[in-house]
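The following features are taken from TrEMBL:
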- Glu145: active site (ACT_SITE)
- Cys102, His144, His148: Fe cation binding site (BINDING)
Amino acid sequence: MFPACPAEEATVTILSILEFPDERLRKKAAPVEVFDDTLRRTVDDMFETMYAAPGVGLAATQVNVHKRILVIDVSEEKDAPLCLINPELLEKQGNGEMEEGCLSVPGIFEKVVRAESVRVRAQDRNGEFFEMSAEGLLAVCIQHEMDHLEGKLFLDHLSTLKRQMARKKLQKERRLREINRAPRTAAAV
């Protein structure tokens, strides 16, 4: 079906995911030119990070690696890993609206209009070129992650009003997380 990117036996690391409004998320990713063990470890770490988050897709820019790498697994069982290196969108068809979320914009979910089906060309972890077609959630996920490689977020597809509302909700979510992480002090008796 698709060229999978199975994890190798090396030790993997959970990477830190950048969160909006971190400006590093706006940096455009550079093409991958060297396909070596360092790249393969990065891909493995990205899969491990995505599964641990949990998420269905992760672009290298989200973990502060500004290379054109993305990993995806939209399967229920999390057993269909797919990595796209230096992906190019060859064709897109139809328009559909689907609710999206993002590991870099935690707690925010909004409807975004994207192509319903896409055809892409990419390289696998060994540098071999392949083409694939995708539709539905996989097509949306590919487009969403490819946006990250261009320094774009799904929030950029929203109206100004919805973007402002999402920003306020994100600030509230962040404050709640900080409160929950704050050390508890003993009450005076």
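Note that Cβ sites are derived from N, Cα and C of the backbone, with glycine treated the same way.
Shown here: features listed in TrEMBL, placed on the structure.
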| residue | record | Cβ within 10 Å |
| --- | --- | --- |
| Cys102 | Fe cation binding site | 26 |
| His144 | Fe cation binding site | 24 |
| Glu145 | active site | 23 |
| His148 | Fe cation binding site | 27 |
Additional residues around Fe cation, ordered along the sequence, whose Cβ is within 8 Å of the centroid of Cys102, His144, His148: Gly57, Ala59, Gln62, Glu100, Leu103, Ser104, Glu145, Asp147, Leu153, Phe154
Cα separation, Cys102 (Fe cation binding site) to Glu145 (active site) (Å, whole number): 9
Assigned conformation of Cys102 (Fe cation binding site) - DSSP reduced to three states: strand
